[in-house]
Amino acid sequence: MIEADRLIQPQLQGQDDVVDRAMRPKLLDEYTGQDDTRAQLKVFIQAAKNRNEALDHMLIYGPPGLGKTTLAMIVANEMGVNIKSTSGPVLEKAGDLAALLTNLESGDVLFIDEIHRLSPVVEEILYPAMEDYQLDIMIGEGPAARSIKLDLPPFTLVGATTRAGALTSPLRARFGIPLRLEFYNIKDLSTIVTRSAQVMGLEIDTEGAFEIARRSRGTPRIANRLLRRVRDYAEVKHDGAITQFVADHALDLLDVDNEGFDYMDRKLMLAIIDKFMGGPVGLDNLAAAIGEERETIEDVLEPFLIQQGFIQRTPRGRIATARAYQHFQLIKPE
């Protein structure tokens, strides 16, 4: 079965959360990449501040590790308000959400990560809170139970999700500002790596930052994780400075190739090429061939390979593209 701690997985692992917090930009002007999103946010935030209003509710969605939590914190900083953070699975009962809402001050940001995992009971409480800044709660039980409304101060709900399609339509419709985060280009990732190295007090040159960036799968969280491992290699095997030579050898040692693929990515592509003549191959057959569950292939391995154009998902099954053959220096049969 697939390792839970693949070096190039975008989900949080180990000390990621602590390190990410230390390296997070605090303001939009410090934030690198996502140019369209950044430009939109600058306008929305300035308009809300000019009107002395709470910012409209915001849904941030996209693959993991791209900075959804960071953006939520930047919004609070730019608005000059407090932020309270939680996640969908934590809010099990209506009372859990009510406790958070009643402790908000005017203009505050409530950040809910994995908002697609909210229970229906909690979601029902959220609707009037988002629309009318009111909280409907039940007092008492049985025939004596009655509903009362509590007024809430204007606040901004920022929801984050990797699966926007899993949100119910009523919840999705209540977000006035939907923002999609895209994978980062190598230039922006190089800037992020350089900034993180400065925060960590590391010596790194432009080529060293580029080498780490191009193997980071378009994801800042992976870039920062690889930077920490390259630092270890540089300190033990060299003088601590990160150059292209040092980064290249460190990442080769870590089995992260020039495209950011690891053993499992290559195993999947080679199974399609060698065992199924390039495809198409059904998901169940592919899962059996590489000894993985179909959900692991769909949710963990495939997305980046498809996004980068190395495999295709068709009605008849998975196909290895010409780019996959080129990666292994093979000739795609006609």
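Using N, Cα and C of the backbone, Cβ positions are placed for all residues, glycine too.
Feature list (source: Swiss-Prot):
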- R24, G65, K68, T69, T70, E131, D132, Y133, R174, Y184, R221: ATP binding site (BINDING)
- T69: Mg(2+) binding site (BINDING)
- R294, R313, R318: DNA binding site (BINDING)
- 4-184: region 'Large ATPase domain (RuvB-L)' (REGION)
- 185-255: region 'Small ATPAse domain (RuvB-S)' (REGION)
- 258-334: region 'Head domain (RuvB-H)' (REGION)
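Annotated features taken from Swiss-Prot, shown on the structure.
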{"residue": "R24", "record": "ATP binding site", "DSSP class": "coil"}
{"residue": "K68", "record": "ATP binding site", "DSSP class": "helix"}
{"residue": "D132", "record": "ATP binding site", "DSSP class": "helix"}
{"residue": "R174", "record": "ATP binding site", "DSSP class": "coil"}
{"residue": "R221", "record": "ATP binding site", "DSSP class": "helix"}
{"residue": "R294", "record": "DNA binding site", "DSSP class": "helix"}
{"residue": "R313", "record": "DNA binding site", "DSSP class": "strand"}
{"residue": "R318", "record": "DNA binding site", "DSSP class": "strand"}
Inset, instruction - Could you say which of the binding-site residues R174, R318 has its Cβ with the most other Cβ atoms inside 10 Å? - result: R318
Inset, instruction - From the binding-site residues R24, R221, R294, R313, R318, pick the residue whose C-alpha lies nearest to the C-alpha of T69 (Mg(2+) binding site). - result: R24
Inset, instruction - Could you tell me which of these binding-site residues, R221, R313, has the greatest number of Cβ atoms within 10 Å of its own Cβ? - result: R221
Legend entry - Lowest local Cβ density among R24, R294, which the record lists as binding-site residues, within 10 Å: R294
Legend entry - Number of other Cβ atoms within 10 Å of the Cβ of T70 (ATP binding site) across all protein chains: 19
Inset, instruction - Looking only at the region 'Large ATPase domain (RuvB-L)' (4-184), report the model's average pLDDT. - result: 88
Legend entry - Count of other CB atoms lying within 10 Å of the CB belonging to K68 (ATP binding site): 22
